[in-house]
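Feature annotations, courtesy of Swiss-Prot:
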TOPO_DOM  1-15  topological domain 'Cytoplasmic'
TRANSMEM  16-36  transmembrane segment
TOPO_DOM  37-65  topological domain 'Extracellular'
TRANSMEM  66-86  transmembrane segment
TOPO_DOM  87-110  topological domain 'Cytoplasmic'
TRANSMEM  111-131  transmembrane segment
TOPO_DOM  132-154  topological domain 'Extracellular'
TRANSMEM  155-175  transmembrane segment
TOPO_DOM  176-198  topological domain 'Cytoplasmic'
TRANSMEM  199-219  transmembrane segment
TOPO_DOM  220-239  topological domain 'Extracellular'
TRANSMEM  240-260  transmembrane segment
TOPO_DOM  261-295  topological domain 'Cytoplasmic'
TRANSMEM  296-316  transmembrane segment
TOPO_DOM  317-394  topological domain 'Extracellular'
CARBOHYD  Asn353  N-linked glycosylation site
CARBOHYD  Asn371  N-linked glycosylation site
TRANSMEM  395-415  transmembrane segment
TOPO_DOM  416-514  topological domain 'Cytoplasmic'
REGION    429-459  region 'Disordered'
COMPBIAS  438-448  compositional bias 'Basic and acidic residues'
MOD_RES   Thr453  phosphothreonine
REGION    486-514  region 'Disordered'
Amino acid sequence: MGKDFRYYFQHPWSRMIVAYLVIFFNFLIFAEDPVSHSQTEANVIVVGNCFSFVTNKYPRGVGWRILKVLLWLLAILTGLIAGKFLFHQRLFGQLLRLKMFREDHGSWMTMFFSTILFLFIFSHIYNTILLMDGNMGAYIITDYMGIRNESFMKLAAVGTWMGDFVTAWMVTDMMLQDKPYPDWGKSARAFWKKGNVRITLFWTVLFTLTSVVVLVITTDWISWDKLNRGFLPSDEVSRAFLASFILVFDLLIVMQDWEFPHFMGDVDVNLPGLHTPHMQFKIPFFQKIFKEEYRIHITGKWFNYGIIFLVLILDLNMWKNQIFYKPHEYGQYIGPGQKIYTVKDSESLKDLNRTKLSWEWRSNHTNPRTNKTYVEGDMFLHSRFIGASLDVKCLAFVPSLIAFVWFGFFIWFFGRFLKNEPRMENQDKTYTRMKRKSPSEHSKDMGITRENTQASVEDPLNDPSLVCIRSDFNEIVYKSSHLTSENLSSQLNESTSATEADQDPTTSKSTPTN
């Protein structure tokens, strides 16, 4: 590889710096964000509707409860089906011809986001039914989640930590296992590949650091405002730019992948803490309905980037909070020096009266419960609110907008199949597609036995790198370089009710695959 822009952009050091900076930036914005201390009810666009639809605001009547449960179950089922066949196969596969969504790749992530979309749609259908009744206004589904902003932001911080840590670890794991940069980190790679070093380190570091992170975040054991003592306090503009750069870094992690934007290379990314690059879950009860064996198959790469896009949702919500932040909407007010104060008095938060949510009123009135001024019971933050206009704050989205445009540009021009290009599974990998037959079906096959079974070798799809072996019992597609007499013999001697072929990296027919 020549030392051009791509060489340095995708260099191991560049990738690891970006991956670990995202972790630091997410902790920093959580600490600086005044919304993290707000006692008001959390609201998240779209996701809040889905959460409220499934978890709370259930009417008292049994019939209404059953109706609500049936609707969100139907929404989930519709989302899964539409995500698989409409969005993944039709839109991404056939219409847009995206290589990264070839075959069944990326289907579970598509189905997840499709499910969120249909939960949002069905929540509005449910609201329409409630409005038709006329007396159910209290149960209308909105983007308010029924939990405090403080609690939600703590959950989001733990979630982003888990997602960012797994992502950073997978990037590190890939850098230390693969060899596009053979002269980089030779000693570290030698240590990393010894025995179970990478497995042991992952689980040890994950358990230890996650325990510390959860303890610090949930118990407020460490107060950021007491720790930094107002050193370089942030305002809504700087926080908006920080949130924007977090979005940029999330996209950079994907764009720095050596196989971006097609993800069709021969690099298998091992799942963190495991020896395998993919996970498979057998669904045995489907065998009674279908004649084939179905498995859920998730590859390490889609496991990694699926997590990134989940974290991206939380980061987008963080950016939204900074752009449209108004102190009184979050039970906060501005004191001397443009510092933010958080109201913790539940009585003052009932109606969010702007008169009571002010420095003048709270510093001159006494709380009868404590016999102290209201200000003394409020939380002081070093974060500032300078009242910047929306136009200025929206400038922070420019870096993210540029990143999204470049992301889409590379996918559109370099990550799509040509109209006449065959869209087949990655030819660099061996795979197996086995058609199972029940014993009753075999008994009807005119006395076919192992002794008189015939096998034929064909050239599938006119591709010399693959060899297709057909017999009366199964169909196997091998990479030609992997085919040996032992492989052929073991497959033909396998029982029809046995598990899938034993060749690495062969897999049974899987639907869907990520």
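Our numbering is plain: 1 for the first residue shown, then up by one each step along the chain.
Note that Cβ sites are derived from N, Cα and C of the backbone, with glycine treated the same way.
A quick note: this is a predicted structure, and the numbers were derived from the prediction, not measured.
In this chain, the transmembrane segment (155-175) touches the transmembrane segment (16-36); three or more CB pairs sit within less than 8 A of each other, excluding pairs fewer than 6 residues apart.
When each of 66-86, 111-131, 155-175, 199-219, 240-260 is scored by its Cβ pairs under 8 Å to the transmembrane segment (395-415), the top-ranked stretch turns out to be 240-260. Where the transmembrane segment (66-86) meets the stretches 111-131, 155-175, 199-219, the count of C-beta pairs under 8 angstroms peaks at 111-131. The average pLDDT the prediction assigns to the topological domain 'Cytoplasmic' (87-110) is 89. Secondary structure by DSSP for the topological domain 'Cytoplasmic' (87-110): 16 helix, 1 strand, 7 coil. Counting only same-chain residues 6+ beyond the ends of the topological domain 'Extracellular' (220-239), those with a CB under 8 A from a CB of the stretch are 29, 31-33, 322, 325, 338-339, 380-386, 388, 392-393, 396.
Cβ atoms under 8 Å from those of the topological domain 'Cytoplasmic' (1-15) belong to residues 171, 175, 180-181, 184-185, 253, 256-258 of the same chain, restricted to positions at least 6 beyond its ends. Long-range contacts of the topological domain 'Extracellular' (37-65) within its own chain (CB-CB distance under 8 A, at least 6 residues past either end) are made by residues 72, 75, 116, 119-120, 122-124, 126, 136, 138-153, 313, 317, 320, 329-332, 342-344, 346, 349, 352, 379, 381. DSSP assignment over the topological domain 'Cytoplasmic' (176-198) gives 11 helix, 0 strand, 12 coil.
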